[in-house]
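Below: the structure, in structure tokens.
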Amino acid sequence: MVVMLRYVWPLLLCSPCLLIQIPDEYKGHHVLEPPVITEQSPRRLVVFPTDDISLKCEARGRPQVEFRWTKDGIHFKPKEELGVVVHEAPYSGSFTIEGNNSFAQRFQGIYRCYASNKLGTAMSHEIQLVAEGAPKWPKETVKPVEVEEGESVVLPCNPPPSAAPPRIYWMNSKIFDIKQDERVSMGQNGDLYFANVLTSDNHSDYICNAHFPGTRTIIQKEPIDLRVKPTNSMIDRKPRLLFPTNSSSRLVALQGQSLILECIAEGFPTPTIKWLHPSDPMPTDRVIYQNHNKTLQLLNVGEEDDGEYTCLAENSLGSARHAYYVTVEAAPYWLQKPQSHLYGPGETARLDCQVQGRPQPEITWRINGMSMETVNKDQKYRIEQGSLILSNVQPTDTMVTQCEARNQHGLLLANAYIYVVQLPARILTKDNQTYMAVEGSTAYLLCKAFGAPVPSVQWLDEEGTTVLQDERFFPYANGTLSIRDLQANDTGRYFCQAANDQNNVTILANLQVKEATQITQGPRSAIEKKGARVTFTCQASFDPSLQASITWRGDGRDLQERGDSDKYFIEDGKLVIQSLDYSDQGNYSCVASTELDEVESRAQLLVVGSPGPVPHLELSDRHLLKQSQVHLSWSPAEDHNSPIEKYDIEFEDKEMAPEKWFSLGKVPGNQTSTTLKLSPYVHYTFRVTAINKYGPGEPSPVSESVVTPEAAPEKNPVDVRGEGNETNNMVITWKPLRWMDWNAPQIQYRVQWRPQGKQETWRKQTVSDPFLVVSNTSTFVPYEIKVQAVNNQGKGPEPQVTIGYSGEDYPQVSPELEDITIFNSSTVLVRWRPVDLAQVKGHLKGYNVTYWWKGSQRKHSKRHIHKSHIVVPANTTSAILSGLRPYSSYHVEVQAFNGRGLGPASEWTFSTPEGVPGHPEALHLECQSDTSLLLHWQPPLSHNGVLTGYLLSYHPVEGESKEQLFFNLSDPELRTHNLTNLNPDLQYRFQLQATTQQGGPGEAIVREGGTMALFGKPDFGNISATAGENYSVVSWVPRKGQCNFRFHILFKALPEGKVSPDHQPQPQYVSYNQSSYTQWNLQPDTKYEIHLIKEKVLLHHLDVKTNGTGPVRVSTTGSFASEGWFIAFVSAIILLLLILLILCFIKRSKGGKYSVKDKEDTQVDSEARPMKDETFGEYRSLESDNEEKAFGSSQPSLNGDIKPLGSDDSLADYGGSVDVQFNEDGSFIGQYSGKKEKEAAGGNDSSGATSPINPAVALE
């Protein structure tokens, strides 16, 4: 059996129980036990004639206990009494007096039970039996009570005496309760008190009812007739106490019980009662006021409640008082109750009996129910300070003692035995137990021994020597051995030996010391924002032989993943907390535990964020509202772990701008109040928002609203302007005041104006709108203008004078051009002379320069004209036009403009010189042989002058020699050039540039490439084969730069012999650049092996299997193609195609023809957008945005996406423009025909078939 040591320590606390009784584990010995009373009747029993009376007395002991009773100190034998039934149950001496014989009165008295066996006698406490008869009210004659109105009266009750006080109720003959209040009330004695009587109290049936719960009966007193004599003059009188009647009294209160004090007063008007405790404050938590304050009940009386309690009765004429002097006393109570003990021979027995009470109780000792004087003849017992002491006890000294304490308030009794026994030593802990603990902890090896005398216990190691030589080993009195600071070498066997004068016994304990659990990486404290997530990591090392786990706690609570929430994610020693809130902050612990130990590592999480709402907004100093001020205060907001930097104070006017908040300012974060400067006539509702480094928090709840008084405006409108929108008027405008500056419910504006420089009378008008139109003015005349705010409280401050102007007219003068300076082929400077301001008819805003391209110098454009604009300020008389096309004609116009619009234009025409041409288009490399390449290209899109030819250069990309070779090609119409004597092992970089008469070479186009030998064996990229029922398609991607060649393709049916030789496909010649080949007339559902062969060298092979899913090539013999309907159908299609071709030819003829070299003259700006005449912006030129764009849909993109001819294009794309023949090795044996080449070279104006030297159409 393995004992987990961390659960052992609490067991040690129970070790004192060995002194109280023999352990249950001590088996095999018939141990005797002195009598112990287990149940007895209460100290006082009140019974009635019909009740059964049970007197209980039960006790345990070995041998069997015998019982006897005394009544009033005389031996009482229940079995011999008539009407008494004795309980025959084991361990019981109880008996019952049957109530149906009305014997209760005869059995009144004080009883005591004695339980005895040969070891001693136990004694019960005294049981007082009180028998009562049926309660009866004595016969009496009740006389009417006569009293004058306003006087006091007491109606007596005087119920029959009883051991159990009855409950009193006052009712009338109709069984209705007598209403009680401050004037009429019942005292604790049952009497009914009237502080003063009224005529309404005149009744003849005041009946006192007494309820006796013990007999379950209610008896009535004879009705009392209360006669009230009316009077016309009720005399006021000061209070007088009806109970108690004297000025003071003394009471004794028992500690722990309740104290009831009562004061009932009479007087007119009816007095009120209050209670005073002069020495100390009244203990309000234990005081109950009842009966309209006439009764004070003090609960759980203690010694501190000693002292004076005064009741004070008051009305308008005076007062009366009574002083209760309360003394707190106590019945006896235990400080230390004597306990039963087991002793061995020769030991000293001591029984302590410490009792307290007020007055101090008297303590007496009994032995086996007999007084000390009777049994202590040899003076063996002695009593010291209430304790009973016996020295050198022997088995014959076994006894049961009684300690009894008594004062006038009660008595206490306790039985305790001294049991002197002789028992052999026995170890109650199981033998050969295994204990496990971890290094560094404390192990507890148990050895619970029992015997009489108490055995001595010692621990030995495997060699039989005591273990106490090591200071880490410590034995406890209960036999347990503790080993602190455990080490791995403490593992082993230990022996516990217990011995007394009768025998000795030994048990074995096995100790295993394991590695202690350690946290190698604990969680680290973190500060995270609200809404973020945090990850805590924990790693630990464990003893490999123990089951281990890592768990997490948050503020001491175990954390677990919940299926209905993704708040926590726990896995592999990680704790992830999602969607952090402020409630998540706290201490988080990683707990690494085994069944033996656990270690914990803590980290603190702080959740930071914007502050919480500001609480407790309060307005004060409202008298300052007359000065448009108020004091606002608040309590600090929750800072959420980031100091509050400032508070933002905002207001809302629910009348003028509901749900819109305006800032009144900010105060430092350590300030929680401020006096606000307010505007007149605003309905203010305030709120405050706290701000820290993470931003503003939630706004506070809104404050109550306040309204400031009205006042005259303190501001005038700003941004006053005078401008005409017609030539004969002036529109005066201004920025209206915000409503919070009105200072009143409404606002108006007093507008004044007069011509500038003339001391004329101000013309004025008051308006509500933020504008005024002044009509019938002269064109562009200056005016002095003033605008003043006005409300029902007065005018605003004196306004400032603003100069405005009446309406403008169009300028009447055009700028005179001075000259045009040409900087280069794309930039010119245009200059003009300033215009006469008197002719502008308004404010000169600037000049508008308009220019547009008319065409190249060789040919003017007939296309849509796009105009570009530049706007320059009024103080500038020149403009730079940039981004122009070289070798082109331009038209320029300059106009002055004012607020009304543009004036007349000055015109000029100029031309730009030739410039550098653009780069040639579409440079392609075509392999001719392993040492030669054919280059072909297209001319530049932008000639920028007259082309004079091309400059071609190239050099190897790698290798030792990088000599640059140049070819000056002087024919501008040239489109191809053949290069020979190239090294087949090198890669070359080719560069081609165009030239003009005045510039060049221009921008270059660059390509890299080489001949076939550079790339070695041909590459069939992404080759694949697909099949139908009787055909197969082989497809591949020709490699870029690879020379074209021919090869055989052979389909061979598998297995051999499946297909007859007549149906075997014959080898076919295929060109590399054609990218695919289709083989027909294959057999369905047959596997074929495909071989690609060149000069008996296998280039590639693959397999394919035919099926029935594809189209079937049909033989012409007997097919539907010979049917008449099919021939007619094909003829109709051909006819339709001819008609379409004719229509297309007609349409192209109407569109005109143009050569490639003139394309730059006919380009159209597809994105051109004409500028509105009335729109003038910053300096800009749309020319540069659009001049260099391609033709749109008719020209290729210039972004490099065009594939070079001869790379991915197959020879089939060239149509009939080239005659090509191949030898067996794939080399060319023919040349381009002279006719085709001539047509291609001179076909720039046509859109005929594409050829290798005329790719214009192929680029589309």
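The count begins at 1 with the first shown residue.
In case you wondered, yes, glycine gets a Cβ from its N, Cα and C as well.
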Listed range which Swiss-Prot flags as region 'Disordered', given the options 697-724, 1061-1088: 697-724
Cysteine of Cys496, Cys590 paired with Cys538 via disulfide, per Swiss-Prot: Cys590
Candidate set Ser525, Ser1155, Ser1184, residue annotated phosphoserine in Swiss-Prot: Ser1184
Which candidate, of Ser162, Ser200, Ser911, Ser1181, Swiss-Prot gives the annotation phosphoserine: Ser1181
Among Cys311, Cys403, cysteine joined to Cys353 by disulfide in Swiss-Prot: Cys403
Selected residue, Swiss-Prot feature N-linked glycosylation site, from candidates Asn670, Asn1244: Asn670
Minimum Cα separation from Asn489 (N-linked glycosylation site), reported as the residue among glycosylation sites Asn776, Asn824, Asn968, Asn1030, Asn1073 that achieves it: Asn1073
Between Asn824 (N-linked glycosylation site) and Asn1073 (N-linked glycosylation site), the C-alpha gap once rounded to whole angstrom: 48
Residues satisfying Cβ distance under 8 Å from Asn293 (N-linked glycosylation site), sequence separation of at least 6: Thr272, Ile273, Lys274, Trp275
Conformational class of Asn489 (N-linked glycosylation site) under the three-state DSSP mapping: helix
Asn725 (N-linked glycosylation site) and Asn978 (N-linked glycosylation site), distance between Cα atoms, whole Å: 74
CB within-chain contacts under 8 A for Asn776 (N-linked glycosylation site), separation at least 6: Asn728, Asn729
Top Cα neighbour of Asn968 (N-linked glycosylation site) in the set of glycosylation sites Asn246, Asn504, Asn848, Asn1030, Asn1073: Asn1073
Residue, out of the glycosylation sites Asn246, Asn848, Asn978, Asn1030, Asn1073, whose Cβ gathers the largest set of other Cβ atoms within 10 Å: Asn848
Spatial neighbours of Asn725 (N-linked glycosylation site) that are distant in sequence (at least 6 apart) but have CB under 8 A: Val731, Gly807
Residue among glycosylation sites Asn246, Asn1030, Asn1073 with Cα closest to the Cα of Asn848 (N-linked glycosylation site): Asn1073
Composition by DSSP (helix, strand, coil) of residues within the domain 'Fibronectin type-III 4' (919-1015): 4 helix, 49 strand, 44 coil
DSSP three-state assignment (helix, strand or coil) for Asn293 (N-linked glycosylation site): coil
Candidates Asn489, Asn504, Asn824, Asn968: member of the glycosylation sites with the richest Cβ shell (10 Å): Asn504
